[in-house]
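**Q** Found this in TrEMBL, in case it helps:
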type     : residues : note
DOMAIN   : 37-524   : domain 'Major facilitator superfamily (MFS) profile'
REGION   : 290-312  : region 'Disordered'
TRANSMEM : 30-48    : transmembrane segment
TRANSMEM : 143-165  : transmembrane segment
TRANSMEM : 171-199  : transmembrane segment
TRANSMEM : 211-230  : transmembrane segment
TRANSMEM : 236-259  : transmembrane segment
TRANSMEM : 326-352  : transmembrane segment
TRANSMEM : 372-393  : transmembrane segment
TRANSMEM : 429-454  : transmembrane segment
TRANSMEM : 466-488  : transmembrane segment
TRANSMEM : 500-520  : transmembrane segment
Amino acid sequence: MAQNSETTRGTPPGILLLRRIRGRDWSFSTYRYVILVVTFIAYACYHASRKPSSIVKSVLDPDPDPDPENDNVLPLPWPLGAVFVKKGYNFNTPNGSRDSGWAPFNGKDGTSKLGEIDVAFLACYSLGMYVAGHLGDTLDLRLFLTTGMIGSGIFVCLFGMGYLWEVHAFWFYLVMQMAAGLFQATGWPSVVAVIGNWFGKRKRGLIMGVWNAHTSVGNISGSLLAASVLDFGWGWSFIAPGGLIVLGGILVYLFLAAYPEDVGFSSPNQGSDSGLSSNNNVECVARNENGDEEETGTLKGSDEATNGVPPHGSVSRRSVGLVQACMIPGVIPFALCLFFAKLVAYTFLYWLPFYLSQTEIGGEYVSVKSAGNLSTLFDVGGIIGGILAGYISDKLRARATTAASFMYASIPSILLYRTFGNISRTVNIVLMMIAGLFVNGPYALITTAVSADLGTHRSLRGDSRALATVTAIIDGTGSIGAALGPLLTGFLSTKGWDAVFLMLMLGALVAGLLLSRLVMAEISEKMCKPLPVSNGRQSFGGNEVFPFLLDSRHFLETPILSAVGYLSKSNNSLKVLVTESRVFDYYMRSCACLKHLR
């Protein structure tokens, strides 16, 4: 729906200023590029602000037997420096004396206290995700994301200020991390919701697969930033990333348009996913003649803007509750799948450096620093996997099949890495990247494209919002698995690494099996796809065009006369393309297909 953007409450002030300076507005495509860049930077800042804790652990709780030859050695961190280094870090205090740690983390229970802080952060993050998702669909996404980023930055900085204030109370650092975890929960549901609002389903998998690289970019940039200021004191490793995310929040406030309607364009999802129109006629939206979705917006001042059509900006749509969002077909299976997928992925994230430092590779052990550098290549494989999974799912139009296939493929890749990863460094790197590709591929697909698809499901109708809520349910459930995996690994690793890798392979297997029903539905829908109709009749595609194919009960309970005809969007108007006789013919063929499915 077009609307007067000057009176839209959700229009970012930075965009209004640029309009006045330039004298004209951006095009719809330009806005999409801006949205991609702003959300990419926003979530990269989120991840960058999470890295300091892993960087400063060796400073808070240092090795009791440091290498005396390694004083004042601070090599450049990878990727600026070498992957393999013979000596690890040995950080000093600003006055040049050896750092003996920081109370209360330098005692005998220092490692366990650092672990408690990590678990507290993940617990608050996963629980806060459910609340944040619903609030994201209820409030203005731009303001909500801005508040989350600035709040995260404040508490990350406060954690670092403990160094400047010489705070040695454990509860202070625990509370700061818990509060930071709650504010960090605002990030993922919000950015996925914004991307889903601006991009239709046709190439959503590929676009979000590339866009999802912000995670690794944030991790690497956060590591570099935290390490670069560590010589000034460990507190600055928190203050610098905390300030960075605050600046990112200001950028979001100025330039992020959460909905196309907020800047005067119609949504690419409007009408494309709702099954029934307001006049009780079944109006299924068809694609254009090229098979593409109609994703161009209508500028302000068009006919619709003057016809009294009510606007639907980011502050005028109604949200859905958690229970209603859970009832959307596919939400629960994908959420449970992500639970086990994240369990596997985060076990690699937290324990891979330790595993590498404890394992002989090519007949020798690598240093702790080399193990940390080497483990980042797992994320590089994950970037490739996320892009590949998104591209394949777009081509096949089968998200569940793609995700399950990747999870099944990760099982032999994990086994190969455990069995042959110690042959040489080259073999280890190759097998690690292959494992990262298959492990992180479905993880990235489910948290991005799948969440966006389900958040704009046709059962919600055009006036509902569930993108952030659905994303929060799926990723929040996955985050519980992310916290559980490293905890189980700490217990199983005492029994040997074979037990850990067995747990990872079982987790991948269960993740794939949880999508079995959706995979069967996708395969059956492909097999029963109606044949093209000759004599100039309209050819019917998948469930995007005829939304009842995946729900036989809904279709069979719908009176035949309600399916009046196929409709297409041409200049934002609906035109009847088939007669009742053709609908009857298509209805009979579809019933035959549904009978075959039974």
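Even glycines carry a Cβ here, placed using N, Cα and C.
Give me the structural setting of these features: burial, nearby parts and distances.
**A** For the domain 'Major facilitator superfamily (MFS) profile' (37-524), the predicted model reports an average pLDDT of 79.
Counting residues 6+ beyond its ends, the transmembrane segment (30-48) has Cβ neighbours under 8 Å at 145, 149, 152, 184, 187-188, 191, 194-195, 198-199, 207, 211, 213-215, 217-219, 221-222, 225, 241, 244-245, 247-249, 251-252, 255-257, 260, 263, 265 in the same chain.
Within the chain carrying the transmembrane segment (429-454), a Cβ under 8 angstroms from the stretch's Cβ atoms is held by residues 188, 192-193, 195-196, 199, 201, 204-205, 208-209, 211-212, 328, 330-331, 334, 337-338, 341-342, 344-345, 348, 352, 374-375, 377-386, 388-390, 393, 399, 402-404, 406-407, 409-410, 413-414, 416-417, 420-421, 466-467, 470-471, 474-475, 478, 508, 511, all 6 or more beyond its ends.
Distant neighbours of the transmembrane segment (500-520): 330, 333-334, 336-341, 343-344, 347-348, 351, 355, 398, 400-401, 403-405, 407-408, 410-411, 414-415, 418, 439, 442, 485, 488-489, 492-493; these residues of the same chain sit at least 6 beyond its ends, with a Cβ under 8 Å from one of its Cβ atoms.
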**Q** Under 8 Å for C-beta pairs, could you tell me which stretch among 211-230, 236-259, 326-352, 466-488 has the largest tally with the transmembrane segment (143-165)?
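**A** Comparing 211-230, 236-259, 326-352, 466-488 against the transmembrane segment (143-165), the winner is 236-259.
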